[in-house]
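Everything on this sheet refers to the single structure shown next.
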Amino acid sequence: MIIWLTAIGAFLRLYRLEASLQFLGDQGRDALVLRNLIINYDLPFIGPVTSVGGFFLGPLYYYLMAPFLWLFKLNPVGPAVATAVLGTATIPILYWVTKKLFSLRVGLLAAGLYALAFIPISETRSAWNPNPMPLAALGIIYGFYLANYKNQPKGLLLAAVSLGVALQLHYMIVFLAPFILWQLFLARRHIRELIPAAVIFLLLNLPFILFEIKNNWLNVRGLMEFLGKHQYGSLDWWSVVKNTVGRSEQAIGMVLGFGRDFNVLRTWVTRIFLLLLLAFFKPPF
């Protein structure tokens, strides 16, 4: 079954990709940076800018996409193919991880939704830095699961690599901060593996750290200013929480197949779906 799901997912992500390629402002910006890297050997030390707050990400996304733009002779379809391949690879990995954490049925359900739902398909048919995030998030979750619940401390290395990648794809990974901090607290007994894991994480972010040092901690100062004062006055944290919950419900609802024209129905179906998950799926740890 998972082989068929992966094959169908690959077809839906790669079929007529070049003919339907989305190439907007973000893709154009990234293509220019990648072209400059390939032709002029100008290595970037920062990555894409975020839409909220104007912060810069790390440059790892550019390093990952550059070989594909080169292979496709500077055709922008190259990074899109890379994103589609990563999205396809996420299907069996999602199945395998959720089967390990929960059950075969949950694994097939998760993989089926990711393989066939409109939003995951459309988001992996274009090159955009947040699009490979599900794969990185899976690495974080499974790495900590191995280390803290299966007594396999080398899982911390997987978690460190995945977190180092995720943090440079998009800052949305901060929503996992409570989970990550709790797992790091549980992992304190694995100090021998925590140290190399921390080194790996720092090495992955080294170009960005060097940029920050050279530019007087530009992003850190910008983040402190953003958190201290919003563009419309003091930052309303309750509004941030409500918006985050609302967007999360919207995203889950769209994955379940509800478009933007069914807001009320989507909201309640999503809430019922989440309640059923809480009621019938017991956590594995």
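Heads up, the Cβ atoms here are built off N, Cα and C, so glycines get one too.
Listed in TrEMBL:
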TRANSMEM  43-64  transmembrane segment
DOMAIN    59-208  domain 'Glycosyltransferase RgtA/B/C/D-like'
TRANSMEM  76-96  transmembrane segment
TRANSMEM  102-121  transmembrane segment
TRANSMEM  133-149  transmembrane segment
TRANSMEM  155-182  transmembrane segment
TRANSMEM  194-213  transmembrane segment
TRANSMEM  264-281  transmembrane segment
Region pair the transmembrane segment (155-182) / the transmembrane segment (43-64), three or more CB pairs under 8 Å:
yes
Can at least 3 Cβ pairs under 8 A be found between the transmembrane segment (133-149) and the transmembrane segment (43-64), with each pair 6 or more apart in sequence?
no
Could you put numbers on the helix, strand and coil content of the domain 'Glycosyltransferase RgtA/B/C/D-like' (59-208), residue by residue per DSSP?
124 helix, 0 strand, 26 coil
